[in-house]
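As recorded in TrEMBL:
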- 72-159: domain 'TIR' (DOMAIN)
- 264-285: transmembrane segment (TRANSMEM)
- 297-319: transmembrane segment (TRANSMEM)
- 347-372: transmembrane segment (TRANSMEM)
- 392-415: transmembrane segment (TRANSMEM)
- 481-500: transmembrane segment (TRANSMEM)
- 534-554: transmembrane segment (TRANSMEM)
- 596-619: transmembrane segment (TRANSMEM)
Amino acid sequence: CICGLTQTQRELSKMSLFAKGKDDALEEDQLVLHTESLEHSRTESMQSEDPVSDEEAVVPVDVPYAKCRWDFFLSHKQSNAQDAVQNLRLALSERFLGASFWLDIEQDPTVKGMCHGVSNSRNVLIFLTEGISDSKFCQMEMRWALEANRNLILVMETDDRHGKPNMEELIHRCPDDLKAIFTQNEIIPWFRDPEFRFVSVDKILKSCADDPRRNASNRKAAKPLVYGKGGDSEEGAEVFDRSFVIFTAMCGVALPGAGPKTKCWAVAVRIILLTCGMMCCSRLLTPEGPAFLDYLTIIQIVAAHPMIFLLLHVMLVLLRSDLIADLLENHIDCPSEGKKLRFKTKLLTGLVALLTTTLSLWGWVGYLPGFFHPYYLTSGNGLVVYGIAHGLTWILILPIFFGSFFAALMIMFTLQELCNMALLTAYNELNSELEHEGLEAVVKRGDGINVTDHDLYRFEVKYAKSWELYKKIQSHTAMPLFVFWFIELGLVIWSVWSMAQGAQSDVNDWRVPHLKSYWNLVVRLSWFVGGSPWFGAGCWITALLPWGSIYYAWRMNNLSKRLIFKNPTTRHAFRSFLAEFALEFRVSFLQATPKGLLLFVPILVVNTLGFVFDALRLFNSI
C-alpha cells in the first residue's frame, strides 16, 4: 500500500531520530531510503494504472482454506509501517512455525498481484497507522478481503513516532463501505516492548482463521469421510469407494456417514456375532454327531469371534476419531494419489467379496449337512433345536464373519494409504508444480525444480506433522495385531509337536471314524486348512499387512531420490532431513521391516505346517 513520504515527513523523521541516538538514526535513514526506493519502483510500475479502474478489472476469489497459498496477507502503509510490519512478521514466525506471508516487497506488487494475494491468504492482517484509510491501494485490499470472505485481523500501531492513528479520525476519513471493518472487528494494539509484544502476538494468533473443516469432526458421524478440496465435489473426495461402502453395509459394518438402517443392522450384527460365539462354545459340550469334528477347530472359531470384533472395533473407533479428522482435513491434498486409492479400493473390494463368497460357500458345504443331518432332526429331543439353530445361524453368520474380517483389514489398508497421501502432500510446499501435477509426474518429467530455503522449511514442518500423525495412527492400529501375534506365538508349541508326529496316517486317531462316516467333515477340514484365521490364508493376510508399509517407504525414498533440485545444496538438506524419518510400521516389538520378516515369518510357517501336518495325518488315514 503506497503513499509517498513528503519532505516534511522526512524532516520530522530525522528530528525524532537525533533524539534516539546516532545508531538508531542511521538505521532509520536506511529504512527511509529503502522505502523511497520501493515507492519509486512501485510508482513506475503503476503510473499507467488507475486504482479505481484496476479494482473493477480484477475479481477476488473465495479460495478454500486448504488451497490458500499464504497464512497472512500484510496490508499496510509503507511510509510509516514498513519496519513495524517486518518486526511483526518475525514475531509471528517465531510463534507460528512455518507461517507464510504475502508482503508486497517480496511478491507481485501490481493490482492483479495484490488481489491474487488477498484471495489466496487465510488471514488479511491490516496494520493500522495514520493515513491508512486514505490509501487507495489499502482500500482496494480491504474491499477484496470482504468480497473473498477473508478473515480480518486489525492491528494498531501504539507508538506516536511511528504513525499511531487517531481512530476516530481514521474511521471518519474512511469510505462508508469500509467503516464496518473498524467497528465490527477487534483492534489489537501492537507494542514494541518485547514483554507486551508477546501479548499482541498471542491475540493475533487467537484471531487467526480456524480451518472450517477442523470442527467437522462432530459432523463426521452424519457424513462420509472426505479429504482435500476440489475432488469429486466441493466438499472433497470421499475416502471409501461406493462399492466398499455397499459391501461393508451388507456385512453390518457402519462406516462414518452410514444411514440409520445400516446402523441398526450393524447393532444387530454385533448381537448375532455374540450369540454365535456363545453357541460355538456350546458345541464343546456336544462331542457327538455329524456336526462335531474335533475341539481344535471349535476353539479356532470361538477365538476368532472376539479377535474380529476387536479388530473391527479398533478400526471404526479410529475412523471416527479426531486423529483421522485432522489427517483428512488438514494434511491431504493429493488428487493423483486419490484416484489411485479409489481404483485400489474397487479392485480390493471385488477381491474380498469373492473371497467372502468362496469361503462362505465352502464353509456351508462343510457345516450345514452336519447340522441338518437326520441324526439331529429325527432325534425327538433337544438335539432338533440344536441342529436347526446352529444350521440357521451358520447360514447367516458366515458371510458376516468373513465380510467383517476383510472389511477391518481393508480399513487398515486404507489408513496406510491415507498416511502415505499425507506425506506426499507435504511435497506440495516445495514447489507449485508438485502441487498441481503430483510428485510422481514431476519426477517422471525429469525437470529440475526451484526450491528456496523457506519452501524447504515449510515442507519440513508439514512433513514432520504428517509423520507424527502417521505414527500415532500406527500406535492405535497396533493393539489387535499385538493380540494376534501373542496367540500365534502361543500356538508354536502345538505346531512343533504336530510336525514332530509326521504326516503319515494314524488310524488310532479318534477323529478318523468321524471323517469316514460323514463326508462333510472332510470338506470342513479342508476349509480350515485353506481359510483358518490362525493357520490358513486369513492368518497370513492379517500377519503381513503391516509389512505393506515397506512398499510405501521404498516408493517414497525412490521418488525423493529422483526428484531433481536446481540448487544442489537445498537437495542435500532435503535428503538429510528425510533420512531421519522411518516410514515402516514400527510399534513396540512389532517391527515391520525386512529384517523383521526373518523373525515373524518363521512363526507363521511353523504354525501353518503344524496344522497342515495334522490334516495330512487325517487325510492319509481315510
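The backbone N, Cα and C atoms fix where each Cβ goes, and this holds for glycine too.
Remember, TrEMBL labels are computer predictions, not curated facts.
Counting only same-chain residues 6+ beyond the ends of the transmembrane segment (297-319), those with a CB under 8 A from a CB of the stretch are 225, 253-256, 270, 273-274, 276-277, 280-281, 283-284, 401, 404-405, 407-409, 411-412, 415, 473, 476-477, 479-480, 483-484, 487, 524-525, 528, 532-535, 542.
Taking residue pairs at least 6 apart in sequence, the transmembrane segment (264-285) and the transmembrane segment (481-500) share fewer than three C-beta contacts under 8 angstroms. Long-range neighbours of the transmembrane segment (392-415) within the same chain, counting only residues 6 or more positions beyond its ends whose Cβ lies under 8 Å from a Cβ of the stretch, are 239-240, 244, 247-248, 250-253, 269, 272-273, 275-276, 279, 304-305, 308, 311-312, 315-316, 318-319, 324, 341, 345, 348-349, 352, 355-357, 359-360, 363-364, 367-368, 371, 473, 477, 531, 533, 538, 541-542, 545, 548. If you look at the transmembrane segment (534-554), the same-chain residues 6 or more away from its ends with a CB under 8 A from one of its CBs are 300, 303-304, 311, 405, 409, 412-413, 416, 420, 481, 484-485, 487-488, 491, 528, 582-585, 590, 592-594, 596-597, 600, 604, 607-608, 610-612. Helix, strand and coil counts from DSSP across the domain 'TIR' (72-159) read 42 helix, 21 strand, 25 coil.
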